[in-house]
Amino acid sequence: MPALELPEDFLPARRRSYVSIRMPPQNVEEPPVPSRRRSSVGRLHDENMILSAATLELPASTEDLIKEDEKSTGDEPDLSKSPTTDSNQKRTPLPKKQMAVVCLVTFVEPLQFGVLFPFVYFMVEGYFPTLSHAALGSYVGVITSAFCVAQLVTAIPWGYASDRVGRKPVLLIGLTGNAIFMTLFGAAGKYWEALLFRCVCGALNGNVGVAKSVIGEITDDTNRALAFSFWETAFGLGAIVGPMIGGLLADPTHSLGFVFGNSRFLAANPYFLPCAACAFFSVIGIFLTLFGYKETLNTLPQKPPPVTATSTETIDASPVAHPALIHRGSIISIDELPSPRTSFRALMTSKILLPATAYGLWALIQVLFDETLAIYAVSPRGPAQHGLELTSRVLGLVLAATGVLQVFAQVVLYPPSERRVGVLGCLKGACLGMAVFVVGAGCVGQMVDGAAATASVLGVMLVGRTIAIVFGYISIMIMINNSAPTPAMLGTVHGIGQMACSAARAIGPAFAGVLWTKTAGGDLPFPVDYHLPFLLMSLLAMGCGLVAAQLTRIAT
């Protein structure tokens with residue numbers, strides 16, 4: 001059978017391959033060539049293939065052909081080294097309009113998730129004014145977790161839908177639904193209405209996985225790390241801006257009485273304004289997607305177009321060919337080109353499930369740490385108390401400083417580190433750093449005394465933890481993207497990863513609160529005292545490192 005061989009001097013930045021076609025003499029009956037692994041080069045799209053000048057070689061015999069084919073077959077590339085480690089390789093410019101849409105869509109999701117944190121307790125208290133504080137906590141927990149639970153259920157279906165109908169329709173549905181139901185949530189007059197609107201908002205918010213699929217389709221090996229760094233920056237900014245909007249705009253007739261003091265509508269709906277502000281960003285995203293986003297999903301042919309070459313030709317991948325599927329050293333045969341559709345069961349492999357598991361573990365570590373730190377840092381300090389006794393103002397300043405560092409690590413530190421040590425190298429370093437710094441944060445109270453020294457040492461631990469969380473998230477997302485067997489399944493694969501992340505975000509807050517209450521509430525011996533939550537996070541980080549060790553053979 002004819003075979004395609006991609007030479008080692010292939011330049012992915014130019015998205016052009018020079019392919020040698022070897023065909024046996026015509027009218028000669030030959031035994032079937034032994035099947036080889038299907039490489040990612042076979043996923044090139046028919047509309048993105050152009051036939052022009054390559055050499056047509058006629059081997060002397062079928063035996064020679066088989067020997068050459070077997071000789072050219074190699075193992076899949078090792079992800080422990082990035083394909084972009086050549087520092088002299090020119091980075092392909094990112095498409096600005098597409099990346100603007102991706103970043104805005106990404107920004108909206110954590111914005112809508114976190115906007116209610118400053119006022120949700122008071123919102124629920126308004127629905128049940130006679131309930132005790134302990135009883136209110138349960139209702140607050142339900143309405144907070146509803147978003148992630150609904151997202152957990154719908155993450156894979158939205159990814160699957162985007163693989164079938166395209167990224168653009170799914171993005172538009174998500175943004176429109178978020179704008180409508182976020183506004184309705186702010187105007188909900190009863191608890192069940194608020195819970196329903198919150199669930200629908202989470203169910204329609206499947207755009208994060210789709211946005212990551214778009215990045216996989218518009219980038220190549222030279223700029224993918226930078227693109228995911230921008231994605232992580234947009235996500236982090238949304239997580240910061242959401243609570244700020246919720247705190248500043250909640251109950252505006254009192255907090256901003258000089259502007260909204262006479263508004264009867266806002267007096268009756270004190271939490272409408274922050275929700276409407278979040279919906280406004282979704283409306284901007286709708287217009288950007290409508291007029292600035294070009295569909296990136298392409299479908300694959302059931303079989304490649306026939307090669308009817310009678311003289312010297314080349315096969316070129318056009319400038320719009322799927323860059324994530326063009327890799328140096330890949331060998332395929334023409335009849336091994338995959339079907340454009342892969343069954344969902346075929347995705348249940350270690351190459352896809354291991355990165356998704358790492359994503360869930362990493363998200364769980366982040367949620368556990370954030371929830372535990374919020375209690376640990378401000379709790380009283382003493383013989384029977386195990387907190388750091390920092391004021392909210394001091395803790396806010398420390399967190400703000402690490403937030404600035406997070407953006408720096410995402411945009412400045414990660415891309416060159418990935419080019420030097422590779423994706424897996426960054427992930428393994430992140431797991432080690434996380435395991436060390438979370439335990440260090442739990443031991444700050446034993447290291448120093450005094451508010452200034454405590455805040456300084458805690459800041460150092462948070463710096464290390466912040467760099468680790470950034471490197472881990474970006475590395476895992478790149479590996480999830482690279483684990484997709486075909487471009488037609490990118491959305492579904494990212495949906496699997498998003499489902500794991502949503503599960504961690506749904507159960508993490510409640511678990512962290514219960515764990516801290518049980519371990520810090522009495523005089524328990526080490527390690528089952530208040531150190532236990534931090535030790536558990538360290539073990540989870542090492543578990544994620546073990547997952548990373550199993551990912552060395554995932555094809556990029």
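Every residue gets a Cβ built from N, Cα and C, even glycine.
The region 'Disordered' annotation in TrEMBL covers 15-44 (among others).
Feature annotation from TrEMBL assigns region 'Disordered' to 68-92 (among others).
According to TrEMBL, the feature compositional bias 'Polar residues' maps to 81-91.
Under the heading domain 'Major facilitator superfamily (MFS) profile', TrEMBL lists 98-556. Averaged over the domain 'Major facilitator superfamily (MFS) profile' (98-556), the predicted model has a pLDDT of 81.
Residues 136, 139-140, 143-144, 147-148, 171, 174-175, 178, 182, 185, 191, 194, 201, 205, 207-208, 210-211, 214-215, 218, 227, 230-231, 233-239, 241-243, 245-247, 250-251, 270-271, 274-275, 277-278, 281-282, 284-285, 288-289, 292-293 of the same chain lie 6+ residues outside the transmembrane segment (99-124) yet bring a C-beta within less than 8 angstroms of a C-beta in it. The annotation transmembrane segment is assigned in TrEMBL to 99-124 (among others).
Residues or ranges marked as transmembrane segment in TrEMBL: 136-158 (among others). Among residues of the same chain six or more beyond the transmembrane segment (136-158), those with a C-beta under 8 A of the stretch's C-beta atoms are 112-113, 116-117, 120-121, 124-125, 127-128, 170, 174, 191, 194-195, 198-207, 209-210, 491-492, 495-496, 498-499, 502-503, 505-507, 509-510.
Look at TrEMBL and you will find 170-189 (among others) tagged as transmembrane segment. With a cut-off of 8 Å between Cβ atoms, the residues of this chain six or more beyond the transmembrane segment (170-189) that come close are 101, 105, 108, 112, 116, 158, 161-162, 197-198, 200-201, 204-207, 210-211, 269, 271-276, 278-279, 282-283, 285-286, 289-290, 293, 491.
Within the chain carrying the transmembrane segment (195-215), a Cβ under 8 angstroms from the stretch's Cβ atoms is held by residues 98, 101-102, 105-106, 108-109, 112, 142-143, 146-151, 153-155, 157-159, 162, 167, 170-171, 173-175, 177-178, 181-182, 184-185, 188, 224, 227-228, 231, 235, 296, 477, 480-481, 490-491, 493-495, 497-498, all 6 or more beyond its ends. Taken from TrEMBL, the feature transmembrane segment applies to 195-215 (among others).
Residues 94, 99, 102-104, 106-119, 122, 208, 211-212, 215, 218-219, 256, 270-271, 273-274, 277-278, 403, 406-407, 410-411, 414-415, 470, 473-474, 477-478, 481 of the same chain lie 6+ residues outside the transmembrane segment (227-250) yet bring a C-beta within less than 8 angstroms of a C-beta in it. Sequence annotations record features per position, and here TrEMBL assigns transmembrane segment to 227-250 (among others).
Taken from TrEMBL, the feature transmembrane segment covers 270-293 (among others).
Here TrEMBL flags 352-369 (among others) as transmembrane segment.
According to TrEMBL, the feature transmembrane segment maps to 394-414 (among others).
Annotation source TrEMBL lists transmembrane segment at 426-448 (among others).
Annotated transmembrane segment per TrEMBL: 454-476 (among others), in sequence order.
For 488-512 (among others), the entry in TrEMBL reads transmembrane segment. Same-chain neighbours of the transmembrane segment (488-512): 141, 144-145, 148-149, 151-152, 155-163, 167, 170, 206, 208-210, 212-213, 216-217, 297, 299-300, 340-342, 344, 347, 352-353, 355-357, 359-361, 363-364, 367-368, 371-372, 476-477, 480-481, 533, counting only residues six or more beyond its ends whose CB sits under 8 Å from a CB of the stretch.
For 532-551 (among others), the entry in TrEMBL reads transmembrane segment. Beyond the transmembrane segment (532-551), the same-chain residues lying 6 or more positions past its ends with a Cβ under 8 Å from any Cβ of the stretch are 79, 350-351, 354-355, 357-358, 361-362, 364-365, 368-369, 372, 424, 427-428, 431-432, 434-436, 438-439, 441-443, 468, 472, 479, 512, 515-516, 519.
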